[in-house]
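Taken straight from TrEMBL:
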COMPBIAS  152-163  compositional bias 'Basic and acidic residues'
DOMAIN    74-123  domain 'Complex 1 LYR protein'
REGION    143-163  region 'Disordered'
SIGNAL    1-24  signal peptide
Amino acid sequence: MVFLRITLHCLCFTALLPLRRSLAHISLTTAYPSALASLSTLFVHQNRKANGEKGSMSAAAKTVQKSVDRLRGQMIRTARRFRDYNFRQYFVQHVKDDFAALAKLSEEEQRKFLATEGRDKLRQLQRMALVNQMYAKRPVYFDTAAQKPHRRQDDGTGKPVIE
């Protein structure tokens, strides 16, 4: 009884401080199971409203999702370092496809992927991008044309003018 009272007290005054007003109707001296059920239901409801979510996600699932998103961003940035257009587009699309397939897996399988393969694939992609930059051929016309400023002929002088 004492442990349950302390637990309810901690829940009310530490984790649920913003919910003080809505918790005023719950008496901690009444039936403990119903008070605990009311607290947990109220806490879940307030979290869903605050986050704009329909379902709740555990802290571990959020951590895994953030790690997967961070790894995806790093891999896409690395894939964009390829100088050759075809390699760059291939690896960006390959990373997007891999992570779309990974999103369909369970949380446990995503965690397993992060622990075993994720960083290794990122390091491998970084090495490939570095080698591609070191031994790149002459840039493709479209890549160089996009970097040059647009030129047009001036009416009177006939000299090219940079806009």
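Any Cβ shown, glycine's included, is placed from N, Cα and C.
Here the structure is a predicted model, which means the values were calculated and not measured.
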I'd like the per-state residue tally for the domain 'Complex 1 LYR protein' (74-123) from DSSP, helix first, then strand, then coil. 42 helix, 0 strand, 8 coil
Across the domain 'Complex 1 LYR protein' (74-123), what does the pLDDT come to on average, as a whole number? 92
